[in-house]
Amino acid sequence: MKALVKENAEPGLWLADVPEPTIGSGDVLIKVLRTGICGTDLHIRAWDGWAQQAIRTPLVVGHEFVGEVVDTGRDVTDIKAGDRVSGEGHLVCGKCRNCLAGRRHLCRATVGLGVGRDGAFAEYVALPASNVWVHRVPVDLDVAAIFDPFGNAVHTALSFPLVGEDVLITGAGPIGLMAAAVARHAGARNVVITDVSEERLELARKVGATLALNVSDATIADGQRELGLREGFDIGLEMSGRPEAMRDMIANMTHGGRIAMLGLPAEEFPVDWARVVTSMITVKGIYGREMFETWYAMSVLLEGGLDLAPVITGRYSHRDFEAAFADAASGRGGKVILDWTA
């Protein structure tokens, strides 16, 4: 089968022929229809410092996908050939305290699809049945392909109650954009999102942000004044991983404010912990999705009319992956989709 492979320990990806995956008794074989390009895939392609430490070549990359089940292991009873599915990209041990308690997203032995094992940028992918989400109601294929990052957005945005709250989101990348859409849909009063890309800020306006603020020429305090906020933001969603974004967020929270932090910093940085303590701010780290509560919430949000169409800005055949990756790496748009049927 054709697959996008990190063949060598150097920058680049290769469209190559590799063997089709085999399945065990509890696994599912899936024909891939479409995939989404993630920031993780960009790091692997660029072969940056993180990738050099985390990746062992050769590796089929990719973890965001939608496909159709073509075969199941003998012990799989609730998934059948023909089902339209997406997959949870974090594979867990099933044996640790957190897994046994049902907190699978907290497993210390998590292995990432397309990072620690062959992934989904291929004509076929195999997963344990426990990692397969069946779309029981129709979902647009492009949206179904990005259920993984959509789950990151939902997990982060719904970490705290949002109804009537003023929400600050730092970082208007694809996950930040989806979080803005979720926050508005879930009843937030104001949703302010910051970035330095006007193209992405325009996408934020399309998904319903109350105010899309370019912090290269305005401050979050300016945004507060424009909206008439006098006490700061109730909820903060940090999506950028930028030190200055986290510091600005803390400085603009109300007393008792709550911050969910998904953005992954590249290195340690100082934080005004005195402000966190004296303002009684809660900071919660987010990694991945809650399995499968977040997936259920995603489906319900879409059934309820949540529109993610503006977030998807690029569509390419998998054969045009070089152009697709360049688009995704530009930092100007939203999610980029690879079509494995074209």
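Glycine is no exception: its Cβ is also placed from the backbone N, Cα and C atoms.
Contacts of Thr40 (active site, charge relay system) defined by a Cβ separation under 8 A and a same-chain sequence distance of 6+ are given as His63, Gly112, Gly114, Val115, in order along the sequence. Here Swiss-Prot flags Thr40 (among others) as active site, charge relay system, drawing on sequence analysis.
Residues annotated as active site, charge relay system in Swiss-Prot, with sequence analysis given as evidence: His43 (among others). Non-local contacts of His43 (active site, charge relay system) by the CB criterion (under 8 A, 6+ apart in sequence, same chain) comprise Trp50, Ala51.
Other Cβ atoms within 10 Å of the Cβ of His63 (Zn(2+) 1 binding site) number 24 in total over all chains. DSSP assigns His63 (Zn(2+) 1 binding site) to coil in the three-state reduction, placing it in neither a helix nor a strand. Look at Swiss-Prot and you will find Cys38, His63, Glu64 tagged as Zn(2+) 1 binding site, backed by sequence analysis.
Residues or ranges marked as Zn(2+) 2 binding site by Swiss-Prot on the basis of sequence analysis: Cys93, Cys96, Cys99, Cys107. Proximity of Cys96 (Zn(2+) 2 binding site) to non-local residues of its own chain (separation of 6 or more, Cβ distance below 8 Å) is seen for Cys107, Arg108, Ala109, given in sequence order.
Long-range Cβ neighbours of Ile175 (NAD(+) binding site) (same chain, at least 6 residues apart, Cβ-Cβ under 8 Å): Pro149, Asn152, Ala153, Thr156, Met239, Leu262. According to Swiss-Prot, the NAD(+) binding site annotation covers Ile175, Asp195, Arg200, Leu262, Gly263, Leu264, Ile286, Tyr287, on the basis of sequence analysis.
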Roughly how many angstrom lie between the C-alpha atoms of Cys93 (Zn(2+) 2 binding site) and Arg200 (NAD(+) binding site)? 38
Non-local Cβ contacts of Ile286 (NAD(+) binding site) (under 8 Å, 6 or more apart, same chain)? Asn152, His155, Thr156, Ser159, Ala260, Met261, Leu262
Min neighbour Cβ count (10 Å) across binding-site residues Cys107, Asp195, Leu262 flags Cys107
Within 10 Å of the Cβ of Glu64 (Zn(2+) 1 binding site), how many other Cβ atoms can be counted across all chains shown? 30
Residues near Gly263 (NAD(+) binding site) in space but at least six apart in sequence (CB under 8 A): Thr170, Gly171, Glu238, Met239, Ser240, Gly241, Arg242, Ala245, Met246
